[in-house]
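Below is one structure; the comments refer to it alone.
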Amino acid sequence: MRNGILVLAALLLGGALWGGAIREEGGETVITLKVPSLPNAAFTDASTRSDVAIHEAFRRDFPELFRRKYRKRYQAEPQKYGKFRWERVRIELEAASGIQVEGVENDLLAIAGGMAPDILSINFRKSDNYIRNHFLYPLDEYYRTLSREEFRELVPEKLVPVIARRGDDGRQHCWLVPTGALLGRVLLYRKSLFDERRIAYPDAAWTWRELYQACRELTDPARGVYGLVMGQGSAEAWYWQTFLWGAGGDSTAYDPATGEWRCAFDSEAAVEALDFYTRLCSERWTDRRGRIRRGYVLKDPSEQNAKWERGEIAMKFGYVDERMIAAVSPEAVGIAPVPLGPDGKTRGSEINCIMMGIFSGVKEPAVRDAAWEYMTYLTDPEAQRLRTRILVEAGFGRFVNPRYLDRFGYSEIRKLTPPGWMETFNLAIESGRPEPYGRNSNFLYQMMTPPIQRAEQLSVSDRLPENGPERRRVLKQLLSDANARADAVMNGRLSDAEKSRRRLAAGAALAVIAAGFALVLRNVRKLYAPAAPAKSDGRRETRKYLCAYLLLLPALLTILVWQYIPLARGSLMAFYDYKIMGSSTFVGLDNFAALLFDGRWWITLWDSLRYSCLTLALTFLPPVALAIGLQEAPCCRMLFRLLYYLPAVISGIVTMVLWKQFYEPSENGLLNRVVMNIPAIGFLGIGLLLFWLCREFARRLRFHGRCGPMLLFLGAGLLLLYTAASPALPILFPGGAAWPEALAQLPRRLFDCTREPYRWLADPSTAMAACVIPVLWAGIGPGCLIYLAALKGIPNDYYEAADVDGATFLDKILFIVFPMLKPLLIINFVGVFIGSWVGGTQMIMVMTGGSARTEVTGLYIWYEAFTFLRYGSATAMAWTLGVILIGFTVWQMKILARVEFKTSGR
């Protein structure tokens, strides 16, 4: 929420601080150019030193370059370029600065805050969003000055469709300059693991079949060794993309005649790719020790780099660089092309490259010209000569592309290049495709990921058929549903009749919401309206409370200026297709209409409700129980209080990392070590104990004639019984076993333990709770302090009177403690409930990245606004969520209004 406020402030209050500037200083004209970043000269690695040297060379060469190409033109047109002293010109490079918010592209925040650099660094996926949002200046006038040879030197052939696109005017323009090295996707492998199992190294003839067999033979989770590395989270489809291309499919398709894009990841090739990917990630198998395993890959990003360095990962996908192929030890790590697909001919390699473009907010032609010269200088032959020399002198010559070694006079080093590396790079570029760059491709992976995760969930729960047409039918349906949604969201494929129907539904829904909101406000006003006062002198009353009003005035003005006015202005965005640059289009109710028919939004709303309920169950009630326990503990009270409070002094990042280790999905994880040694009868015993405790509460309530709370406790007891005993069910009734056989084996299986480690953060049934438990662990100690203080305020006379009446310990909790703590409980409940809806995203992002059904509404709105750049839609979502929370808060305020507050002890 704090990050959202910062960004909103930037959107509303950002001034016209675009770009660089031109000034005269010391008898010369200085052009200040703001670039995305500058290399840090304090770093001594060869790559950084080469970047620093190239930037210094550009500063040194720019005056001569300007004299040769621009000076006469500038002097001839002072009305266009300004009346500066163009005889002596130098350039200053300044790194972009601005608001830094984790999880958001910094250049986007800089644009929103009016502090955008003159040059934007852009990848393939987000290029379309930046073009359509008018962030980029067309570079046609500059590209026209290049010869054919210069253009080919600057732009590789496969990148031409990426930099040259249609704009809003329907004409094709060149928007970007490739400034980074051309990257090709390859397969890196750890030689020691292949040698240990006597498996032949991957080569250009490898297919999916060899990859699958190698993963099966190399994976040994008991030793922490995995065959392959994949990812998780909302962009997991990036890993699947390679297999989709290898199967002969594609994620998007372009029609040159109409200039329209469509999603295409529901083909038969996509089904083949998803089938293979799901087997790699979640296929059920049993290791030599009898443990049940799932898949042959490691998906936890927090462990991948460390395990790769320790030699516990056999293979991973990575990029090789055109300039410096790879800086890895060829003795330990090998490089091979991406394996061929099922047809043995198609290879799903990817090519990529960092690109730069000129920000459209740059108004000074001289600054634009300087930006063009800067971008092209980074790939200039002289810059490459300088880079090659520094790398060779630093001892990295054997990793430099042999083409540059030959070109700049280092041919004798070519023979040191690891065998096969250059051939692998050439094959990766030759067979590679550019990363998706079509319409709204910035969130293509988010659209493609749900069917991948759903297929894995079905596989892990043994609900996905193992083979045959039925398995392909299920996978095909998952892909078709996701593809249809992606087409509607990304490309806006809706008929006029459908749009009209949705607008009518949105209008009706807003009318109902407005009526309900007015009714709620009316009830609140009645609820808190003071009793009718006796007739009095109004002026005297005003003078009486004048000081109080004056004291409140600064606070009221602060809230008005910094909360309500920005809120009101921002609310208008819900009715626009809001653009940071360019004009915003009024769309009426379209954003609300899209929201009502967005199935994903309702899923995230349901997941937010799940998260809220778990937060209330695990972080609201346990501190109350702990406070009562500490209050009644017969001895060692201070020791227990210290032990429970200690986790609160640990920093949040340490807590997150610690619990990520606890949740390791193999039997080496701390939680799995505990849970996998508890027999089925242990889980049943825990569940029965919790049910018995709830039943005892219900029995006392029934004795006192409180039927409603009694049923509530019985329901809670049944829920706790099922939750605690559910880990025992797969042990007692393994999948596939007939009921008569399962019942016959039941007595023996009571003492069996689970053989399959829990995938805490990857399983939707445990992932949400796993995100909440660290909050409970760190917050239960501080959370119980306020209840401990309240318990101290309960007079001992109440307990003594209860003892005289024959009350039990449970009776005292039910009829003394709870009634006395009721106001405090209600107040805290409001805070915890609201906080569970608007907070918690940080923990979820660290733990799961939003995968495994943990993407709550806060994350969904954040992505919608600051990744997809659809501010209008995000504002409509935020208002819808706000109305829900306001309604619930008013209901709680109604309860609070009936509460009578008394001084302690009276």
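Here the Cβ of each residue, glycine as well, is placed from N, Cα and C on the backbone.
Annotations in TrEMBL come from automatic prediction, not curation.
On a predicted model such as this, the values are computed, not experimentally measured, just so you know.
The transmembrane segment feature in TrEMBL is assigned to 504-524, 545-565, 609-630, 642-662, 674-694, 706-725, 767-790, 824-848, 868-891. Annotation comment: TrEMBL describes 605-892 as domain 'ABC transmembrane type-1'.
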Among 504-524, 609-630, 642-662, 706-725, stretch most in contact with the transmembrane segment (674-694) (C-beta, under 8 angstroms): 706-725
Selected stretch (most C-beta pairs under 8 A with the transmembrane segment (868-891)) from 504-524, 609-630, 706-725, 824-848: 504-524
Stretch in 504-524, 609-630, 706-725, 767-790, 824-848 most in contact with the transmembrane segment (642-662), if contact is a CB pair under 8 A: 767-790
Stretch contact, the transmembrane segment (767-790) with the transmembrane segment (609-630), Cβ-Cβ under 8 Å, 3+ pairs: yes
Same-chain residues at least 6 beyond the ends of the transmembrane segment (824-848) whose Cβ lies under 8 Å from its Cβ atoms: 1, 103, 232-233, 608, 611-612, 615-616, 619-620, 624, 652, 656, 659-660, 663, 761-762, 767, 770-772, 774-775, 786-787, 790, 818, 854-859, 862, 881, 885, 888-889, 892, 895-896, 899
